[in-house]
Amino acid sequence: MGRIEWAMWANEQALAAGLILLAGGIVGVAGQFRGWEFASYAIAAGVFVCLLEYPRSKRAKGTSVERTGQYCFTVCVKAFGPVTRNYYVRAFLHAALCVPGGFMLATVLGCVCLGIASLIYLAAALRGEHWEPILPRKDTRKPVAESIKSPPQNPPPRPPPEIRRKQAKDVEGAAYDNPMSVTDDE
Amino acid sequence: MANWIINHGFPAVMVLVWMTINTFLFVWYYLQYDRDDDFYYTRHLLGSALAWARAPAAVLNFNCMLILLPVCRNLLSLIRGSFVCCSRTMRKQLDKNLSFHKLVAYMIALMTAVHTIAHLLNLEWLNNSKLGVYGKLSTALSDLEDEGNETFLNPLQHIEADPQQKPIKFAFTSIAGLTGVVITLSLILIITSSMEVIRRSYFEVFWYIHHLFIVFFVGLVFHGYGRIVRSQSNTDDHNATFCKDRPDDWGKIPECPIPQFAGGEPMTWKWVIGPMIIYVCERILRFIRYMQAVQYRKIVIHPSKVLELQLRKKGFNMEVGQYVFLNCPSISQLEWHPFTMTSAPEEDFFSVHIRSAGDWTDQLIDTMQKLPEGAQGPKMGVDGPFGTASEDVFDYEVSMLIGAGIGVTPFASIMKSIWYKFKECDPKLRTRKIYFYWLCRETHAFEWFADLLQVLEKEMEERNLGDFLTYKLFLTGWDQGHTDQVIVHFDEDTDVVTGLKQKTHYGRPNWDKEFDQVRKENPASVVGTFLCGPAALAKVLQKKCAKYSDVDPRKTKFYFNKENF
């Protein structure tokens, strides 16, 4: 498994864990379970993890595929600078976030999934990976040459009028082949 | 519309049948658990969450049975082979096995979510019943224990010091709970590592984590062994509608003996044991095939790091357009990777051209490069051949073959086969003329194909059959560098990019012009158009075929074949 960037899988796992934590929390609160306070915490933690993990990082090698509409999330996550860039921070953050989920059955699955995501992030951090925002590329156009800006002063060179007039008699030679159909019946 | 029915009708029907069975199972088991008298008392404790947990369980049983089948490629080959006479459409649909596997997986994930949430509610309400939170009847039912002449209904038997922890404790100490957590976790890990991003970039992670399905199936089979879904077994003696209001009189009056309960038998193994055995047979067959000796006839490293392997295996019979799976234990024990074959069936060996496209291929090319001259390569396991043969190509007098990018690979096999059949005047071959269109962004990694075209070009010139094959290469990714080169080498006979006699075109083909040319050169012929490339191009070609075809038998007819190589 030479070229794997563990962060890519950690990201998928953490996003899934966030959703599961959120779902478990909703069930706990809606069903008014014993320990529903932990469930309401799980809802908040789940939403936070989803927002943090939604923007995919730019890959070190290869093309990065964005998630739909992730640009605004990228900007928010980028604003926190080194805290969100560093995967050690993320690993410990997820480990800390997942602990309260372990006190109630409805949220325990989210807790374990987030714990696993935290371990994968730790592996990513140990391999020196970090989060890079995917930003839209600005295409640099080649600078326009000076000569284009001023229009030509003289008309283009033409053959003398005698040669030009001959074309009216030679209809066959004057016609040219259209590469695309110019008639209407398509 | 007719085209859609031919190409997509069968899978659409299969998906419809599958959804109908799922819906039927869900509704049937929901009603059973929601209406049956046996479950009256159980429903009193759990409400409709009981039915909401059991109905997805039935759907899960069905889908876990199905999920192993589409990945048994040898079994599918066997079925495909038995459809030899009729129904090429049937055979083609078996190639869409992976799409079905994914669809079934989504259903399993959805049903797992419903099942888990329903059981979370169940456990919470069972806990409350045991603690006497609900009415008299619930408490009475929960007090029944598995001793004396009583059988329990509520599986949460003892009251804990911290009632909030009771459901978690039960989940991790009961068979159903523990297996449930383990298999749900395996399912989640399998799904996150199967996301397209991970699968396409880091195949090894996907493949190795996917083997957690073994844990999944073992846990699934044992999931029901605790028999904790209880139903009343003495409904004849104890009528719930009458006795529910008299819990204090149970066992004291003749009409209401103490209600007895029994757990439901584990059913899952009956559903999944068949496919599990079939899958084990599939893996054994792959192992046997892997043990069969494969000799290297020739190993060639082409420019742009393309490896050609010419192999021989006893009893191996291929047809055009098929693919094989290769396994190289010195690189990775568990991985099998598919490659389309580039040799013709008429040759006494089979060949594959392997491009550098990831860890495994890179290591393979590396190993081959380090081999001394004339040595045999590392041990290689070959599974296959798989895929539907593209024999239709031979049935048309005139064929237009269009290959885009990597889609050109099956055409190597097809064109070689056509050429062999033509030389031997095979009566099955009706083709008199071939137009081959090769579209690619750059010829990097396809120089070997250009070599093949050169060889064919030379052989045809020798037999004065220069007209048999007309090919055009379209480089869609040209830049200033290309143009400069072309300008310099303008006068030369052969093309600067490929070395072929026919010059390279730049940009995408003008299909109107191409179809017009084919029509002019082949009046009163039936032309078969074959594409191996992107779906967008398929749509364009389909329209052109319709546009340039004429019902008049003196004029040309174009048939578009949507082949899935």
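Using the three backbone atoms N, Cα and C, a Cβ is placed for every residue, glycine included.
TrEMBL entries are annotated by machine, without manual review.
Mapped onto DSSP classes, the domain 'FAD-binding FR-type' (B:286-392) shows 19 helix, 38 strand, 50 coil. The feature domain 'FAD-binding FR-type' is assigned by TrEMBL to B:286-392.
Among the features that TrEMBL reports, transmembrane segment is placed at B:12-31 (among others).
Beyond its flanks by at least six residues, the transmembrane segment (B:51-72) meets 18, 21-22, 25-34, 43, 97-98, 100-101, 104-105, 107-108, 111-112, 114-115, 118-119, 122, 217, 220, 229, 267-268, 271-272, 274-276, 278-279, 282 of its own chain at Cβ-Cβ distances under 8 Å. Annotated transmembrane segment per TrEMBL: B:51-72 (among others), in sequence order.
According to TrEMBL, the feature transmembrane segment maps to B:100-121 (among others).
Summarising the annotation, TrEMBL assigns transmembrane segment to B:170-193 (among others). Packing against the transmembrane segment (B:170-193) from elsewhere in the chain are residues 105, 108-109, 112, 116, 119, 123, 155-156, 199, 205-206, 209-210, 212-213, 215-216, 219-220, 222-226, 228: each is 6 or more residues past its ends and has a CB under 8 Å from a CB in it.
Look at TrEMBL and you will find B:205-225 (among others) tagged as transmembrane segment.
Tertiary proximity for the transmembrane segment (B:205-225) is limited to same-chain residues at least six positions away from its ends with a CB under 8 Å from its CB atoms, namely 64, 175-176, 179-180, 182-183, 186-187, 189-190, 193-194, 198-199, 264-269, 272, 276, 334-335.
Within the same chain, residues 11, 14-15, 18, 22, 46, 49-50, 52-53, 56-57, 59-60, 63-64, 66-67, 70-71, 167, 180, 184, 187, 191, 194 sit at least 6 positions outside the transmembrane segment (B:100-121) and bring their C-beta atoms closer than 8 Å to a C-beta of that stretch.
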